[in-house]
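Visitor: Mind looking over this structure? Questions follow.
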Amino acid sequence: MARLLTKSSQVFDFLADRLSVRKSRRFWETQENLESSTPLLQEPQQSYRSNSFNELPPLSRSVTFAENEQPNEAVKLGTFEGCFIPTTLNVLSILLYLRFPWIIGEAGVLKTLLMLFISYAVGIFTSLSISAICTNGMVRGGGAYYAVSRSIGPELGGSIGLIFYVGQILNTGMNISGFVEPIISIFGKESGTISQFLPEGYWWVFLYTTCVLAMCCILCCLGSAIFAKASNALFVVIILSTISIPISSIFVHPFKDPSLLVHFTGLKWSTLMKNLASAYTENEKGTGYESFKSTFGVFFPATAGLLAGASMSGDLKAPSRSIPKGTISSQATTFLLYLLVILCVGASVTRTGLLLDMDVMEHISLHPLFIISGILSSGAFSSFMGIFGAAKLLQAIARDDLIPGMFFFAKGSSYDDIPYVAIGVTYLITQISLFWDINMLSSMITMTFLLTFGFINLSCFLLRISSTPNFRPTFRYFNRRTTLVGTILSFGVMFYVDRLNAFISFLIAGILVVVIYFTCPPKNWGDVSQGIIYHQLRKYLLQTNKARENIKFWRPQILLLINNPNRSENVIRFCNSLKKGSLYILGHVIVSDDFQASMDDLRKQQRLWHQFVLDRGIKAFVELTIAPDEVWGIRGLISSAGLGGIRPNIAVLTFINTNYRRHRIYSGSSFSLENTSEESESDSKKEFVEHDILPVKWVQILEDMLVGSVDVMVTNGFDRLNWPKRKGEKQYIDMFPIHRISGVGSEVNESTPTFATNFETYTMVFQLSWILHTASDWKQGCRLRLITLVEFENEIEAERESMHQMLETFRIKADVVVLCLAAMNLDAYRYIVKNEHVRPSKSSELENLLKDDSWWQEEKKRRGNTVDSLGPIRFPRRMSGYNFRSASFDKSAPPLSVPLSFRLGPHMHSVKSFETESSFGNRSLSPKQENRRTYSDSTIESSLMPNVVREDSSSDRLAPKKKIGRDYSKEKLTFNDLSSRSQYIIMNEIVLKHTKNTSVLFTVLPAPLADTHKSFRKSEEYVDDLLIFMEGLPPCALIHSKSLTITTAL
């Protein structure tokens, strides 16, 4: 018999190999939709670990080592004995003998056949899916769990593996209970038919099942070789026992035994017609009647053993070939056997015998030993297979280190890797399941197996629709429709049979997913969700190219350009709070003239930056580039960052590190440049590449940003940022929206220049301040506050009312603080504007600050010509058509930035841009105003702008005609007549007095004139002007915008 089985297995393998190489075409697809097929990946050579192991990515080393370290010297099994026989024997369940007659009597032949077709439809679709997954690469121990977890990730794969482990244990308990039932019916003291010597009773039966379970565990400890030898003999017994049922219906003479309630008619059409329909009886608990759902829950486990061969993957010679061949062949074989049994039993036994006689199979057989041997063989094999397969599965899960504390179960024997510890644990859990009866166990098994089958089909479906190039299984008989139908069918049947238990099963699976997600160390297995996300992301990114962004859905998309992330962590976190769930990119330039030599450094920096982002929980992308200098590198980042319609609209530049020079800008002044940068040398981290940058480069970068399409923000002082606290004194997010008017008029017609009101920047200050305030930490610990300036006291109330009206229009809730220059005791304002005495130290400080200001030097000359140098001076107001700088000063020394012009009521003048004879003439850095707008509603700005701004909007107001022969000595000097540096000094003093509790200050970035970067002196003076304004202030965010971001439209 053994030689016959060996020859049979050889013939089976030969035929299976021949069939597998045939070029067949799937009947459900057209020629162009055939799945791609590639040769199976070869097993790794012995030298792979020594030669290639050290070249693997760091994340995959531990996983690869754990998988490769297991011994491979044990005897491996072929397709027939390793997959076909286990699957066939596991499918031909003990339920065939113990519960099939009862199911046929309750549901009838037709509905029993329907159960058969539904069960095998689930089984066939699952077999196709698991075959496709297993033939896409090398399969190791763990079977279906290994294949699924490597396909859809450790979280979902691990939860499925644990649920399937529980299902196998419950199936083992059911088979052991079924194994003991015929023993009691044959040898029980009360119900024994052959001999009466075994005591009966609940605890006696429990003792018998415990002994059977212990014997199975002992056999499992002997290894898979013993299992293979035993399975061959058991296979012959079970096949003969199953075939004896239809043969008995033909050759056994009809009989009727009233004592046994059996009426055997032989094969008769009349008997089949009577048993065709269902006739449900009262259930065992007496709470209702049996139904299709309840009987299907008992029937399904009889067909659910299709993964038995896959569970033996660690003991197969070629799992990728054996699993699909053995599984599908076994499914076809067992389906035919079940079909014959249902038809023959339904056509030969009356309904009374089917319902009342649980041993009817034994009574109608040619000889009772056929059925008894089949029950004992099926129960023994299924019990052994369940324990051994479940233990191997637990061992595989433990070796993957998905849940802490399971490493103990990963141990195996030194020769053939027998999981002794896992077998012991499986024994204990199975022992607990023996307290339940067969019907309850079968219903729970149905839930666990259907859930496992559903997720196997789902994982294969996701792999197919992800269109991943590396998913090209050699098994060709599947497509996305078969996997989708298998998924829907599995989950649908699951909820149809028992909604409550199905929901509980999904809930347990979800809990396991969460647990594994938080406890499992990183795995380099890949995740099908990566392919799905990529596919969907690409589709939606293409759609963003078609849609034009509407101002109503504007949100900040930030590109933060930084040098060293360790020293700029505060500004990184600040921008992370500011992004409002949108795009956030960290950009960095590696300066190098040799691109190829810098690639290793680029890879190292990419790892460091990504690790930095992960460790800090920053939701940002990292974009690094190599360039000959910072200017070209940042140009490349700004022009290429983002993808599709998702591109940065705000470029954030940290303020220049002034450590390139080690001297003060003026002696004896409190304004020091040595420590003004938010990056401190002591905080540097040598693992990040960083470069000091000169003012000309920094200003050139800023000019490039200003002429581009993105808005600009410059940050300074964030190393001193005090993060808001939920408890304690409230801090402020201050808005200081200096409204600047830049003159861009033509030299040809100076009497009527064109003025561009930078209303976009004005509104951007409000928008970003409000967005920051919506972040949870900032909302709890900060309040919004608007700071605005007037020069005279009679303008305070009008300005406050105007600001409240504007905030209401913008739908922003904030405190309003109106500061009056004339009413405050400001040393700088008194000294510069009013020409009053101040402290000698203060006057010396101011003189040092203004010593290079040509306007101030001319002003001092004029003051020296006045009669009373201590009183207020008379000074001509600056007129728009009068080129004050050109008339009074050297044209070769133009200002480095357009002076700020405040809207301070009727006393305010607009200052025309200083004109120069430089190469750029009067060229503006920003695109023309009309080209910046994203819509054509010209009334929005006028409705949102403060009244004082609207009053000055006409050319007559902004550009009064020149009056020849005017007496300028009678004019009062006002804030608007000052040079830009003088205004910075006064603003610094007044803002500094009112920002003691300020966390962040949002204000306007004064733009440099075009080509300022071409002169080192001009660039340095521009940087100095900004430093003078920001000296001692809280962290500042200086903004320059070219597009409107606030709308009142619905």
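Quick reminder: no glycine exception, Cβ is built from N, Cα and C everywhere.
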Visitor: Out of Asn175, Asn457, which one does Swiss-Prot list as N-linked glycosylation site?
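Guide: Matching Asn175, Asn457 against Swiss-Prot annotations yields Asn175.
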Visitor: Say a student had to find the phosphothreonine annotation in Swiss-Prot: which of Thr193, Thr327, Thr866, Thr939 would be the correct pick?
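Guide: The phosphothreonine feature in Swiss-Prot corresponds to Thr939.
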Visitor: Out of Ser529, Ser592, Ser639, Ser901, which residue gets the phosphoserine annotation in Swiss-Prot?
Guide: Ser901
Visitor: Compare the membrane side that Swiss-Prot records for Ile328 with the one it records for Asn479, and say whether they match.
Guide: yes
Visitor: Among Ser60, Ser776, Ser886, can you tell me which residue Swiss-Prot lists with the annotation phosphoserine?
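Guide: Among Ser60, Ser776, Ser886, the one Swiss-Prot marks as phosphoserine is Ser60.
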Visitor: Taking the Cβ of Thr271 (phosphothreonine) as the reference point, list residues of the same chain whose Cβ is under 8 angstroms away and which are at least six residues distant in sequence.
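Guide: Result: Thr265, Gly346, Ala347, Ser348, Val349, Thr350.
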Visitor: Report, as numbers and ranges, which residues of the same chain sit near the topological domain 'Extracellular' (170-202): CB under 8 Å and 6 or more residues beyond its ends.
Guide: 93-95, 97-98, 208-209, 212-213, 216, 301, 304-305, 359, 362, 368, 372, 375-376, 378-380, 382-383, 386-387, 390, 426, 430, 433-434, 436-438, 441-442, 444-445, 448
Visitor: Considering only the recorded stretches 113-133, 233-253, 369-389, state which has the highest number of Cβ pairs under 8 Å to the transmembrane segment (481-497).
Guide: 113-133
Visitor: So for Asn175 (N-linked glycosylation site), how many other CB atoms are inside 10 Å of its CB?
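Guide: Asn175 (N-linked glycosylation site): 28 neighbouring Cβ atoms within 10 Å.
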Visitor: Between the Cα atoms of Asn175 (N-linked glycosylation site) and Ser270 (phosphoserine), find the distance and write it as a whole number of Å.
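Guide: Ser270 (phosphoserine) has its Cα 35 Å from the Cα of Asn175 (N-linked glycosylation site).
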Visitor: Mark yes when the transmembrane segment (113-133) and the transmembrane segment (233-253) have three or more Cβ pairs under 8 Å (sequence separation 6 or more) and no when they do not.
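Guide: The transmembrane segment (113-133) and the transmembrane segment (233-253): touching, no.
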Visitor: Going by DSSP, how much of the topological domain 'Extracellular' (170-202) is helix, how much is strand and how much is coil, in residues?
Guide: 19 helix, 2 strand, 12 coil
Visitor: What is the average pLDDT across the topological domain 'Cytoplasmic' (1-83)?
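Guide: In the predicted model, the topological domain 'Cytoplasmic' (1-83) has a mean pLDDT of 45.
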Visitor: Including all protein chains displayed, how many Cβ atoms other than that of Ser270 (phosphoserine) lie within 10 Å of its Cβ?
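Guide: Within a 10 Å radius of the Cβ of Ser270 (phosphoserine) lie 9 other Cβ atoms.
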